[in-house]
Amino acid sequence: MKLEFAPINIPLARRLQTTAVFQWVFSFLLLAQCCIGIFLSLVLARLWLILALYVLWLYLDWETPQAGGRRWEWVRNWTVWKYFKDYFPIRLVKTCDLDPQHNYIMGFHPHGVLVAGAFGNFCTNYTGFKELFPGLTPYLHILPFWFRCPFFREYAMCVGLVSATKKSVNHVLSKENGGNISIIVIGGAEESLDAHPGSLILHILKRKGFIKVAFKQGAHLVPVFSFGENELFQQVPNPKGSFLRCVQERLQKIMGFAMPLFHARGIFQYSFGLMPYRMPIHTVVGRPIPVKQTSHPTQEEIESLHQQYLSALRDLFEEHKERYGIPEHESLIFT
């Protein structure tokens, strides 16, 4: 493989952007393991007092990721996130106002490999969410196992991440006077295995849990499509039925999360590495679908609302696709 090295005279701003994204990729892939290593080092060093205090803290704080988390605006305002946003860049696009007197479920599509658009828009304060949607607070739900990792869980909660459990979503949406948004990556880990450049496959036909929660809480549904999310990385070919895909799906069932074999560019060269490509991400927030609170919705009501959501998502995509580089003949594929 011939390596294409980055030029030496790159502007400082671009170097800072690369550094910001590198620390984010590192945090996503290795920070949790490092935190576990720190915890084990405390055990080996027999620092029992520190361990006892932290274990007590874990016991008292264990349910916090399912109770709205513990965001810290200072962390969400770190300058590193501005450079992170500018690397791609990431842009949040509003199609209509959202009434802060309601609670909402935003369905985020597609998952992509590392969900960069969801993190940049809803876990930092640099893409204008507060200005576009005043009076609303976003909560991005991620897999619960991240919050079982010592030390890492505190960092994750600081940026507004919460657990992707039914209890957690219900807690966010139970705010009496409205103003909360649960952002759920509907396709989940399974969808990340289809996150190839140009792919428009969404795993959504069997995903109806968010519909049931919307009925229970009376939360309005908002489809969100992030154009460019699947263009950030290449993946090793893994078509359905291939040996690699079978192994990945098996590991996902065992561990609860997927392991896409991805690559893109490096820090000092453009040919290979785990850094994402500099590709623009446009996250478009659609119009809300009103939902009447219903404690025990019938199967017909669930199916009807699910179909309404699919139709709204498809309409959102069709309305904006050509503006963001999708050919006219391309359409979403629901599986």
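Every residue, even glycine, has its Cβ placed from backbone N, Cα and C.
Features as listed in Swiss-Prot:
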CARBOHYD  ASN77  N-linked glycosylation site
CARBOHYD  ASN125  N-linked glycosylation site
CARBOHYD  ASN180  N-linked glycosylation site
TRANSMEM  24-44  transmembrane segment
TRANSMEM  47-67  transmembrane segment
Between ASN77 (N-linked glycosylation site) and ASN180 (N-linked glycosylation site), what C-alpha distance do you get in Å? 20
Cβ under 8 Å, sequence separation of at least 6 from the ends of the transmembrane segment (24-44): give me the contacting residues as numbers and ranges. 50-51, 54, 84, 114, 116, 119, 146, 149-152, 155, 274-276
Roughly how many Å separate the Cα of ASN180 (N-linked glycosylation site) from that of ASN125 (N-linked glycosylation site), to the nearest whole number? 16
Look at the glycosylation sites ASN77, ASN125, ASN180 and tell me which residue has the greatest number of other C-beta atoms within 10 angstroms of its C-beta. ASN180
